[in-house]
Amino acid sequence: MTGHLRSWPIVLALSVASAPLVLMYVYLFVDTVTNAPPGSFVPNEFTLEHWSFLWHTPRGRPSIWRVTLNSLLFATSTAALVVVISSMAGYVLSRLNVPARGFFLAGVMVLHAFPAITLIVAIFLVLQVVGLYNTLIGVILVKAAIDMPLGIWLMKGFYDTVPWEIEMAGIQDGASRFTVWRKLVLPQVKPGIFALALFAFLLGWGEFILPQVLAPGGDVQVLSVYLASLIADDNNFDMALFKSVGLFYMAPVLILFFFFQGHLMNIYGGGTKG
Amino acid sequence: MRILLDKFSKSFGDVRVIEDMTLEVNDGEMLALLGPSGCGKSTTLFAICGIHKVSGGRIFFGERDMTDVPSQERNVGVVFQSYALYPHMTVAENIAFPLRIRKLPEAEVKRQMEEMARLVHIEELLGRRPAELSGGQQQRVALARALVRRPNVLLLDEPLANLDAKLRLEMRSEIRRIQLETGITAILVTHDQVEAMSMCDRIAIMNAGRIIQIATPQEMYRNPRTAFVAGFLGNPPIAFLDAVARDGWLAVEDADIRLPVPPGTRTPPDGTPVVLGIRPETLGREGDAPIRGRVTFVETQGRENLYDITLANGSVLRSIQRVSDDVSLNDEVEWRVRSDQIFVFSQNGERL
Ligand SMILES: Nc1ncnc2c1ncn2[C@@H]1O[C@H](COP(=O)(O)OP(=O)(O)OP(=O)(O)O)[C@@H](O)[C@H]1O
Ligand SMILES: [Mg+2]
């Protein structure tokens, strides 16, 4: 009891300090389904008009569903690329005696630390030359390449925890190196693969700069670019619409986090459960 | 199938671990590779199964040169010290894995898997995962997985090291039973001399990458070639005593001991320093040469008592005798040694 008594000032202080944050989130939601009279914070009517972008495409803008599909394609494709390539590259760097292994390891580390944004002009030029500018494929490739070092490093860490004898036992049992990887090692790093896939998806879903610069066109717009274009438009500036689209954009992330937070924690454990 | 290592060498970078080792294991034989930690036992094993490439020499299975054959085609069953079961598979899947890799028809896989499970007595565990098994059960699964595809050769790397004393005893006879039943040629790596002596047809004692002696357990115990071998076999271990040759006798001068040179031993020239090896069971109430000392340690092992006696010059000898109450700590005793059963080594450890 005394513990509770002594902690209540702290609780109170924390509540007061975080109240503005909570209020912000509450208003973010409330504002999307109500109208308030000018100059007031208190809403006076319920409305769905701010969500009308879902069924009505304003002139001069791509359809929200098209954009959502692009975002999904973008995030899942980059995640898939990152997972497939990192899970193989991580294994090679962890186990096989490849030439210049140390160089690759260091290189991956440096690339991970390298601010990708400094490359954007060069990437822009390259994409233009090869004809992938303003295409989803182009920006997917770029995003996957930028996320890859993290993925490779992460997967290498997971592979490092798999006992070496398991692989040797597999080889003795007559399996090829590839089969050993597929059937014996990969199942041990499932938590890593899963977490990496989720991370890569979320990174892709939240990416703004790359699609904005490399694929701004209406057909290939992703949600973040669409959202930004709403406030960039000075003529009919609609705060409530912006908030609604923002909520819509956030929802999948929240849902994913809600369902998979346990797995996400696992990534730092680095263990081989499952 | 006969295994022959012919002048086999292995180095890691600049470190030469094994040099010019020649070793033959006969068909159907179980051979123990016995030696202290780091002497190259596992390295030898890994070369035989193809995990390590040899740096020199040849490896033959039967008449076939296996030196450059990849692991997968050597058909060697290996039981690793950590068992290395596949944690995400059930026991049944673990045992069946080598068969599935061979793409045997499913019915055949099941039949052979169950037959093997019966052989190692784990039929009722087939649905479990390795994490749900005791050490001894995991050990059996590893053995079953190594044997299921009828390998030419079975290699066991300290398979009993992780088990408790009772289970170790049990698995010792169990592994031997399975080896005899399948008639497979096997090599057992161990640093436990009891294991080597009780399980194997022959023992190869290794030290620092070289084989010191190969013989049957009996022969090696009775007739060790060097002081190292004598010191490695026997529990409680042999005791060593510095002595000199004097007038055709072996004398420990500062402890007033004179022993005749045992039969079959070259009498060393007068004044040569030698090392005597005296096993605990050759020192006791009966014998021909008296040894005086003070009892400095008594340990009862149930049926027998183990005594340490300290001689006048400070050296310690061990004696193992039937339990009796007439000797206690710090007593001065005069016991006898059967001088025909002691070993005489030169200063560098070679048997004379
Ligand atoms: N991959 C390696 N690289 C370098 N040196 C190695 C390697 N593997 C083993 N060694 C060295 O070779 C020697 C023999 O090792 P090995 O594993 O064969 O010993 P062991 O007899 O099996 O010992 P233990 O009883 O402790 O298992 C050791 O000195 C070890 O340090
Ligand atoms: Mg070893």
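Heads up, the Cβ atoms here are built off N, Cα and C, so glycines get one too.
As recorded in TrEMBL, the features of this protein are as follows:
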DOMAIN    A:68-260  domain 'ABC transmembrane type-1'
TRANSMEM  A:7-30  transmembrane segment
TRANSMEM  A:72-93  transmembrane segment
TRANSMEM  A:105-127  transmembrane segment
TRANSMEM  A:133-154  transmembrane segment
TRANSMEM  A:192-214  transmembrane segment
TRANSMEM  A:240-260  transmembrane segment
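The transmembrane segment (A:133-154) is not in contact with the transmembrane segment (A:240-260), judged by fewer than 3 CB-CB distances under 8 Å for residue pairs 6 or more apart in sequence. Sequence-distant contacts of the transmembrane segment (A:192-214), counting only residues of its own chain at least 6 positions beyond either end whose CB sits under 8 Å from a CB of the stretch, comprise 71, 74-80, 82-83, 86-87, 116-117, 120, 123-124, 127, 133-134, 138-139, 142-143, 146-147, 150-151, 154-155, 157-158, 186, 220-225, 228, 252-253, 256, 260, 263-264, 266-267, 270. Sequence-distant contacts of the transmembrane segment (A:105-127), counting only residues of its own chain at least 6 positions beyond either end whose CB sits under 8 Å from a CB of the stretch, comprise 93, 133, 138, 142, 146, 148-150, 152-153, 156, 209-210, 213-214. Sequence-remote contacts of a segment are chain residues at least 6 beyond its ends whose Cβ falls under 8 Å from one of its Cβ atoms, and for the transmembrane segment (A:240-260) they are 28-29, 31-32, 35, 50-51, 53-54, 64, 194, 198, 201-202, 205-206, 223-224, 226-227, 230-231.
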